[in-house]
Amino acid sequence: MANISWSHFLILMLVFSVVKKGKGDQTDKYCTIIIDPRTPCDLVDCRLSCYTGYNGVGKCIASKASRTPNCVCTYNC
């Protein structure tokens, strides 16, 4: 048993160094909101509004192919 190869040692170190996330973490909770749905999306304004209002990331996303895109803000709840 004293003769452990280097690869076995590395595998054991990898197994024991894994950190598991708890189920109670709030870091995985993201919310989305449509900012001003009546106006077409301008990417610069969308990102700025989302960042300043919600500290999130704004993207212009169309709900269907033929529709004008809306500003969708994704932020940490």
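Glycine is treated like the rest: Cβ placed from N, Cα and C.
Residues or ranges marked as signal peptide by Swiss-Prot on the basis of sequence analysis: 1-24.
The disulfide bond annotation in Swiss-Prot covers C31-C77 (among others). Taking Cβ-Cβ distances under 8 Å and a sequence separation of 6 or more, the neighbours of C31 (disulfide bond) in its chain are T74, Y75, N76, C77.
Annotation for C41 (disulfide bond): spatial neighbours C60, I61, T68, P69, N70, C71, criterion Cβ-Cβ under 8 Å with sequence separation of six or more. Annotated disulfide bond per Swiss-Prot: C41-C60 (among others), in sequence order, evidence recorded as similarity to another entry.
Marked as disulfide bond by Swiss-Prot on the basis of similarity to another entry: C46-C71 (among others).
Proximity of C50 (disulfide bond) to non-local residues of its own chain (separation of 6 or more, Cβ distance below 8 Å) is seen for I35, G56, V57, G58, C71, C73, T74, Y75, given in sequence order. Residues or ranges marked as disulfide bond in Swiss-Prot (evidence: similarity to another entry): C50-C73 (among others).
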Protein Cβ atoms within 10 Å of C46 (disulfide bond), excluding its own: 22
Surrounding CB atoms that lie within 10 Å of the CB of C60 (disulfide bond), all protein chains: 16
C-beta crowding around C73 (disulfide bond), within 10 angstroms: 21
Most Cβ neighbours inside 10 Å, all chains, among the disulfide-bonded residues C71, C77: C71
